[in-house]
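According to TrEMBL, the protein has these features:
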ACT_SITE  Lys10  active site
ACT_SITE  Asp136  active site
BINDING   Pro94, Val95, Ser96, Ala97, Gly98, Leu99, Ala100, Gly101, Gly102, Ser103, Thr104  ATP binding site
DOMAIN    66-144  domain 'GHMP kinase N-terminal'
DOMAIN    197-273  domain 'GHMP kinase C-terminal'
Amino acid sequence: MYLTEKAPAKINLTLDVLRKRKDGYHDVEMIMTTVDLADRIHLHPLEKDEIVIEVENGILPLDKNNLAYQAASLLKKRCKVTTGVKIVIDKIIPVSAGLAGGSTDAAAVLRGLNKLWRLGLSLDDLAEIGLRIGSDVPFCVYGGTAIARGRGEDLTFIDAPPKVWVLLAKPPQGVSTKEIYKRLKPGEMAHPDTAGMVEAIRTKDYRGICERLENVMEPVTFSLAPDVARIKKRLESSGADGTVMSGSGPTVFSLIANDQKAHRLYNTLRGFMDQVYLVRLIGERHQI
Ligand code: ATP
């Protein structure tokens, strides 16, 4: 008997960095939503009191450096669970891509083990535990669509955007989030129209949503990884409805409403890149 929990990736419709804080973190303001590009987390109960990580199709740490391990370990301690679990991660979301792949695995482990071990915790309880692992984990615990402020943990849930196609392209070149934050100058940059995006989502103004996709990290990531800028240009000129980089990159995504256009652009992009995905926007919250 084992339990499977889906761990969907997130994208940023807007990403703003407001200021550097005294504790070293940055205050952000971003609109995040979930997409149907997901890892599968299989949870097998073990009699022995241990946490075992296995990864299918991917290379990830198998020890406490894996965020899924940290999630299980924190939950075990908090609820004094004395049996163990084998966590099998079927890795579909590209790693270090700006899609919160690690955070969503941790969140799925929290949701899944809450069921497997019949702990009876609420999503709020799980989000609180998740914040100890990373700033994006609380959002991933709930899923859905939210404005995230503070370090990313202060969440205001909003309506889901239209469930259009999302074409994601991850260039091979990696980027260091730390390096990007170091180079960002929050006082000197133009900021996304976050309030306008929230209003466009509320009124189901799809064109308004596409026009307001914006990420303040783009110029810095583009200067460090010019391939990312090239892919964004290509998507923009291909007729996608709106295009922006997710998180600190390097993944760039486009929203596309038309089925045929979405599949045509996907096939074209697959011709010269390996990591290309065509999925639906989800935007709805998880149920406990
Ligand atoms: P974010 O959008 O939150 O910045 P990301 O998509 O850029 O995240 P991740 O895929 O979450 O990045 O991975 C970043 C690092 O976390 C990698 O160095 C990876 O080894 C480590 N990591 C630990 N556990 C996991 C996991 N379960 N899945 C993916 N990465 C993990």
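Cβ from N, Cα, C; glycine included.
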Fewest other Cβ within 10 angstroms of its own Cβ, chosen from the binding-site residues Ser96, Thr104: Ser96
Contacting recorded positions for ligand 1, chosen from Lys10, Ser96, Gly102 when the Cβ sits under 6 angstroms of any of its atoms: Ser96, Gly102
Spatial separation of Asp136 (active site) from Ala100 (ATP binding site) - C-alpha basis, Å: 7
Tally of DSSP helical, extended and coil residues in the domain 'GHMP kinase N-terminal' (66-144): 44 helix, 8 strand, 27 coil
C-beta crowding around Gly102 (ATP binding site), within 10 angstroms: 26
Chain-mates of Pro94, Val95, Ser96, Ala97, Gly98, Leu99, Ala100, Gly101, Gly102, Ser103, Thr104 with C-beta within 8 Å of site centroid, ATP: Ala9, Ile93, Gly247
Gly102 (ATP binding site) to Asp136 (active site) - Cα separation in whole Å: 9
For the domain 'GHMP kinase C-terminal' (197-273), residues assigned helix / strand / coil by DSSP: 43 helix, 11 strand, 23 coil
Gly98 (ATP binding site) to Lys10 (active site) - Cα separation in whole Å: 8
Which binding-site residues sit within 10 Å of Lys10 (active site) - Cα, from Pro94, Ser96, Thr104: Thr104
Least Cβ-crowded entry, counting other Cβ within 10 Å, from the binding-site residues listed as Pro94, Gly98: Pro94
Surrounding CB atoms that lie within 10 Å of the CB of Lys10 (active site), all protein chains: 29
Shortest C-alpha distance to Asp136 (active site) - which of the binding-site residues Pro94, Ser96, Thr104: Thr104
